[in-house]
Amino acid sequence: MESEQLYHRGYCRNSYNSIASASSDEELLDGAGVIMDFHTTEDDNLLDGDAASPGSNYAMSNGGGAASSSTHLLDFLEEPIPGVGTYDDFHTIDWVREKCKDRERHRKINSKKKESAWEFTKSLYDAWSGWLVVTLTGLASGALAGLIDIAADWMNDIKEGVCLSAMWYNHEQCCWTSNETTFAERDKCPQWKSWAELILGQAEGPGSYIMNYFMYIYWALSFAFLAVCLVKVFAPYACGSGIPEIKTILSGFIIRGYLGKWTLMIKTITLVLAVASGLSLGKEGPLVHVACCCGNIFSYLFPKYSKNEAKKREVLSAASAAGVSVAFGAPIGGVLFSLEEVSYYFPLKTLWRSFFAALVAAFVLRSINPFGNSRLVLFYVEYHTPWYLFELIPFILLGVFGGLWGAFFIRANIAWCRRRKSTRFGKYPVLEVILVAAITAVVAFPNPYTRQNTSELIKELFTDCGPLESSQLCQYRSHMNGSKAFTDNPNRPAGPGVYAAMWQLCLALIFKIIMTIFTFGLKVPSGLFIPSMAIGAIAGRIVGIAVEQLAYYHHDWFLFKEWCEVGADCITPGLYAMVGAAACLGGVTRMTVSLVVIVFELTGGLEYIVPLMAAVMTSKWVGDAFGREGIYEAHIRLNGYPFLDAKEEFTHTTLAREVMRPRRSDPPLAVLTQDDLTVEELQAVINETSYNGFPVIVSKESQRLVGFALRRDITIAIENARRKQEGIMLNSRVYFTQHAPTLPADSPRPLKLRSILDMSPFTVTDHTPMEIVVDIFRKLGLRQCLVTHNGIVLGIITKKNILEHLEELKQHTEPLATSWYYHKKRYPPSHGSNGKPRSRVHYVQLIRSFQDGQGEGADGSEEEEVCLLDGSDL
Amino acid sequence: KMKSVFVLEIFSLACFVLLSQVSAKNAEDVRCKCICPPYRDVKGQIYKNNVTLKDCNCLHVVDPMPVDGKDVEAYCLRCECKYEERSSGTIKFTIIMYLSILGLLLLYMVYLTLLEPILKRRLFGHSQLIQSDDDVGDQQPFANAHNVLSRSHSRPNVLNKVEHAQQRWRRQVQEQRKSVFDRHVVLS
């Protein structure tokens, strides 16, 4: 240390600042007995520079260039470098930096506001652009949802037959005015021809059945094939449900093209095909993705949102609310869904905008009226029958079923997806889709409950048996003849139709459970809500009918005696189906509040909130007993997205220095010095390391932290300087300070990079407990954090390091958990075997390479390649 | 170019909404549907009629009343009448638009996957040279910066611009395909 500092004496040229300013305590403390170094004064210039920008704690100078002029008075001559302050694909954004940028921009607009009328208009436009963008998003997502609903209904009916009078009508619309429909067969009308009728000319008989069967499979296969081909050729990102990815994006990850125009178009088009192909999937999850695409695309119209990743995420939060709003016709449920499930950063302003977006979207969808029932969803039901206290027992049982199903589904689906991800089997996505579609179609057709559209199935199960119903589920034996039987619709003994329906429903339940596991994760747009709800609705209806019959045959039991008199109506099987649907959905997604709100918005009955809450809560408890994460978190983990879950608690006692990089066995931290590097050396450092950012220190002797520079910004700035500035050579000096260092007369022009330097990097000391660090990362949305000791930079903690650390701890505590290895593709692992702190001198090792000009790859900075968090354990 | 795309999008959206509003009032598009359950010896029946919302009740819709005068009230009490609206124009427009977009996409897909490789081979014979041209970069850190900076430069030629945009789109899709289908890093 001494020798270094002594050496530094001669090394330092630029000592225009006062000697007195070198009063840094850390030097006094650390280098006890060391000759005081009077020359390390450049860092104090930093303080001066910061003082010149009052009110900006974070002195973000790299905010796209535009902001730098007001912060750093001396930099106003520099034109902003295009591209600085943007992010690479598969990188994490820095929320703090983005928010600062926005505040800076806002301040600028406000200060200019009074200058002229034009500026005032501009500021108004800026203030309103948030509402404008959510309005546009709501309009677009409502319209697209209407399009998807109408087209999916039509395509789904194409599998059965065609409307001869008007090709574009589905079955229901085809028989809209027909008077030939009868009470028993409500959907028969001469205009609608089944394929057997058209091809064979006969509507009945085994021949026509086989013909219809064949056409059903044919259409299902061709729809599935088209869907997967379109996805593969035009927009691979359009596959899947999209909610795990949107969650990750909202938490501050960049996946370029995931919310783009092509993804939007292909997802909209193929979603219709996928739903129509009869696969066990729904359109609700993908609708959220579609709405988010709209939000992203419209945010490009407004510079406030297009240039700021954090602001853009506010729009996306609102968009996801609009998506659920149109998917379920539940605007408030949508807002709560955005808050509870997808959003990461959700200020009140976003809440109101989400509310508004959901409102606009629901309004647009309602005015399109896709189902012709003046409702937003197909399975809207209305009950008015009361429920009784003893019914809570079957409701809770349904909740237990939902939780068990959720836990089982998550395990099975993740195991299957892992298989797809890691083995050769994943190489044939088209074949897989076709195979699953073929099996689904072959098995589904014979059973009327699986043949029909899943939404229609849910509607039928939700609907209670009134006198108006003629379906098989409602064929009760009426022991009273004539009009009396229908006056008050009492519970009646089940007829043969109900028993047959029971069998078919049981088979449908098993079929749906198996197929959904294999369907979710196919390379077509596939949502999970509808199949989960269908499974729950089937189970609920079965339980409901069972309880009903129990109450009928044993009406003298103490439970039923009080409420169910003979001939009185006390059990509503449709309500059981609804509770079951909510429970199963809750078990899979682990949502609570938003789910209950969505379901009661579906039914419009406030009196059923308690049963729903009981079932959903039970299913969450039961599900959490088998594994704490919902299906979306499980998929996030499977794919290894850098998602720091705010719900999980950190309870370990590790310290920051045990988590930070570099570890003991690693090469020292790659740092830059603030004024004695040349362009060539800087390029060498960048070329030979793969870190996304480099701490900038005063000098290699002092090691005190000056700031943090991102790799992307450095490369862009160097490239820009080469193009625009004259006289920048390979041996030009690079400096991050306010003033250029004094150089020999013959040296080329130096390159000033101060504008890309983040002079307020977040730092913690090496003794900070990790729980605090994790909290800081979660709450502020940091990307990286430097670890210092007495102002001297020791290492760095990135979001990825924290995720790795969490995973390590998890594997320590629960060794049975699924293995999730740290998996590096391109770079050697930076694992240190023990986390013991080294003595300080080791940390402060010099990087010789800066002098030699042959930058050795030093470890320790961050890298956020997506493959690094790869969960594959192949 | 971006702006014009958006303007177009908004325009088509507005058209869509407007159309759905305008076409809502079609004579065939309203119906009053009455479902009457079985009553004594009368079978259950469904009646549909084209009446206004005000007249949508059993007495106006059930035209040949199946029961005698004194039973009409009892019969009608059981019937449920619903007034329903649809907009056939919207449905027609949506389906036709959807099918035409799907058709265009399919044609383009066929062109991209089948025709283009053949054409290219016939025209240049050195398609692999063009292919390898696209793959340059990405690995070097400075190539990326190069891309970012060159994006901000304006290009004089419109055709050139379209060509460039298409190239870029292709590369993006290629990249997406690689990460989804080959490397399985996202969306699996």
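Just so it is clear, glycine is given a Cβ too, placed from its N, Cα and C backbone atoms.
Automated prediction, rather than curation, is the source of TrEMBL annotations.
Since this is a predicted model, take the numbers as computed values, not measurements.
Annotation source TrEMBL lists domain 'CBS' at A:660-726 (among others).
Feature annotation from TrEMBL assigns domain 'CBS' to A:757-814 (among others). Counted with DSSP, the domain 'CBS' (A:757-814) comes out as 26 helix, 19 strand, 13 coil.
As annotated by TrEMBL, transmembrane segment applies to A:128-148 (among others). Here the transmembrane segment (A:128-148) has Cβ contacts under 8 Å with residues 268, 271-272, 275, 283, 287, 290-291, 294-295, 298-299, 301-302, 304-305, 314-315, 318-319, 322-323, 326-327, 349, 353-354, 356-365, 368, 370 of the same chain, all six or more residues outside its ends.
According to TrEMBL, the feature transmembrane segment maps to A:216-238 (among others). Counting only same-chain residues 6+ beyond the ends of the transmembrane segment (A:216-238), those with a CB under 8 A from a CB of the stretch are 155, 158-160, 255, 257-258, 260, 262-263, 265-267, 269-270, 273-274, 276-279, 429-430, 433-434, 436-438, 440-442, 445, 451, 522-525.
Under the heading transmembrane segment, TrEMBL lists A:258-279 (among others).
The annotation transmembrane segment is assigned in TrEMBL to A:286-303 (among others).
Residues 130, 133-134, 137-138, 141-142, 145-146, 246, 249-250, 259, 283-285, 287-292, 294-296, 298-299, 305, 345-346, 350-351, 353-362, 364-365, 375-377, 380, 529, 591, 593-595, 597-599, 601-602 of the same chain lie 6 or more positions beyond the ends of the transmembrane segment (A:315-339) yet place their CB under 8 Å from a CB of it. If you look up TrEMBL, you'll see A:315-339 (among others) marked as transmembrane segment.
The feature transmembrane segment is assigned by TrEMBL to A:388-410 (among others).
Summarising the annotation, TrEMBL assigns transmembrane segment to A:430-449 (among others). Within its own chain, the transmembrane segment (A:430-449) has Cβ neighbours under 8 Å at 212-213, 216-217, 220-221, 223-225, 227-229, 232, 277-280, 420, 457, 472, 501, 504-505, 507-508, 511, 515, 518-519, 522-524, 538, counting only residues six or more beyond its boundaries.
Among residues of the same chain six or more beyond the transmembrane segment (A:501-522), those with a C-beta under 8 A of the stretch's C-beta atoms are 228, 239-241, 279-281, 405, 409, 412-413, 416-417, 420, 429, 432-433, 436, 439-440, 443-444, 447-450, 457, 472-473, 475, 528, 531-532, 534-535, 538-539, 541-542, 545, 631, 635. For A:501-522 (among others), the entry in TrEMBL reads transmembrane segment.
Annotation comment: TrEMBL describes A:534-555 (among others) as transmembrane segment.
Per TrEMBL, transmembrane segment is recorded for A:575-600 (among others). Same-chain residues lying 6+ beyond the ends of the transmembrane segment (A:575-600) with a Cβ under 8 Å from its Cβ atoms: 324, 328, 330, 332-334, 336-337, 339-341, 381, 383, 385, 387, 394-395, 398-399, 401-407, 409-410, 458, 461-462, 464, 528-529, 532-541, 543-544, 547, 606, 608-609, 611-613, 615-620, 622-624, 629-632.
The predicted model assigns the domain 'CBS' (A:660-726) a mean pLDDT of 84.
With a cut-off of 8 Å between Cβ atoms, the residues of this chain six or more beyond the transmembrane segment (A:258-279) that come close are 144, 147-148, 151-152, 155-156, 158-159, 216, 219-221, 223-224, 226-228, 230-231, 234-235, 237-238, 242, 245, 249, 286-287, 289-290, 292-297, 316, 436-437, 440-441, 444, 453, 515, 519, 522, 524-526. Residues 391, 394, 397-398, 401-402, 405, 449, 454, 457-458, 461-462, 473, 491-494, 498, 502, 505-506, 508-509, 512-513, 516, 561, 564-566, 570-585 of the same chain lie 6 or more positions beyond the ends of the transmembrane segment (A:534-555) yet place their CB under 8 Å from a CB of it.
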